Amino acid sequence: MQGNIIISKADKTLSGTIQLTGSKSECNRALIIEALSKGKVKVKNMSDAADAVTLKGVLNQESVVGSQKTEVRSQVVIMADGDSEPSKSEIVNLKSEIVNLKSEINIGPAGTAMRFLTAYLPLQDKNVVLTGTQRMQQRPIGVLVDAMRKLGAKIDYEINDGFPPIKIHSGFEQQTNRIAIKGDISSQYITALLLIASSLPQGLTLEIEGELTSKPYVEMTLAMLQQAGIAHTWAGNSIGIESQPFKETDLVVEPDWSAASYWYAIAALSNTAELFLPALKAYSLQGDSVITEIMANFGITSQFKDGGVYLQKEAKPILRKIFDFKECPDLAQTVIVVCAALGHDATFTGLETLKIKETDRIAALQNELAKIGVKLTEKGQVYKLDCSEKRIPEKVIIHTYEDHRMAMAFAPLALVIPQVEIEDPTVVEKSYPAFWSDLEKVGFSIKK
Ligand SMILES: O=C(O)C1=C[C@@H](OP(=O)(O)O)[C@@H](O)[C@H](O)C1
Ligand SMILES: C=C(OP(=O)(O)O)C(=O)O
């Protein structure tokens, strides 16, 4: 879809069934595990999220390159075994062919792919530059690169220390099996290391320093590794995984609960809502399934039956005034916009990591909420929403800052504002490409 779109909804009722695509978080873990397991583990219900499709493409390409390398290497062996000895220059050429088979990988805006590959690629005996979008080049990676260097990886920065692009060199040899790592910047660094731990000759124990942010994502990683036969220990701040083989299994990706959160937001802003989301589980590996509890405060009930979840709206006063997003940072925009739309002054904590995501999500929220007169103010680590000067214009234009969640979190405003114009609507492809067509399925009008 090119250009802006204008969203509107003639009535305030929501009903239907929406089949959500697979979780990008689960899928990206499953893809790395599949690649490390060398065929033992298979990913089922591959996500349509662009970030997952990108990672799959890179890993497939890597395995093609891997077999090309083997071919080139065996050519060297044949030449060396042949009647005529290969000349020095022939060997040098073949060696550089090996090195140059693939020299740059660009993962676009995919944060988890960037982090997971930073741990995965050094183990593949590669010389490769790993890069992404301009924004990706501002998202920190230093904590993970430091940890990988201590482990034995050879990694240089191409432009700025601590940020992509990074150059990964071949020749990994494990130097230690115990690493201390900061837990309060991104849990993705920890997940990246845990994913490769069982494939390291000496295994790996991580000592997490400071508070662990986004903890459910680390639990998801360990649960998925467990499903693939990898045992761990977790005592206090120390997580240990011994060197061990994967077992043959399928990893089935559940639909995306972060995507489901936008449907909860739409339900919360509708007068009546009856929506079925198939295949979502009550006991999910995804921490964002906590949206069921959060949205109960806005009158949305969740009933798990028929293999999915039914959402229903009950007329109820809003209960909660304080929301903490430390364990579910991707829900922050969804819930804050719902509070603003309902004029519900509330307090938010656990937003520390939002400034280093797809955009500075705090600044983005502040700018866009100001368009309806709502203020989000920061005092230390506590954020307050002030709706006292809220206004409902005929039309609002939402800038999306290359952030899928800005587009999807503000779209539900179409239930309270006659026309919501979304700039750069294709951003949703990162995690939920069918978002706009799914809105149309339940009666939203989407015009270019
Ligand atoms: O591991 C994951 O799949 C993710 C972890 C979280 O990041 P942080 O750990 O950086 O908060 C989350 O925001 C991101 O969308 C996905
Ligand atoms: C932060 C996110 O993704 P990533 O870090 O994987 O780019 C997100 O999807 O909200």
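Each residue, glycine too, has its Cβ placed from N, Cα and C.
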LYS24, GLY111, ARG139, GLN188, ARG361, ARG405 bind phosphoenolpyruvate in TrEMBL, but which of LYS167, LYS384, LYS430 does that record place at the same site?
LYS430
So if I measure Cβ to Cβ from LYS24 (3-phosphoshikimate binding site) and keep only same-chain residues at least 6 apart in sequence, which ones fall under 8 Å?
SER47, ALA49, ASP51, ALA52, THR112, ASP256, LYS430, SER431
Given the binding-site residues ARG29, LYS357, ARG361, ARG405, which one has the fewest other C-beta atoms within 10 angstroms of its C-beta?
LYS357
Shortest C-alpha distance to ARG405 (phosphoenolpyruvate binding site) - which of the recorded positions ARG29, ASP330, LYS357:
ASP330
Can you go through the binding-site residues ARG29, SER187, GLN188, SER214 and pick out those with a C-beta less than 6 angstroms from ligand 1?
SER187, GLN188, SER214
Looking only at C-alpha atoms, tell me how far ASP330 (active site, proton acceptor) is from LYS357 (3-phosphoshikimate binding site), rounded to the nearest Å.
9
For ligand 2, list the binding-site residues among ARG29, ARG139, SER187, SER214, ARG361 whose CB atom is within a distance below 6 Å of it, in sequence order.
none
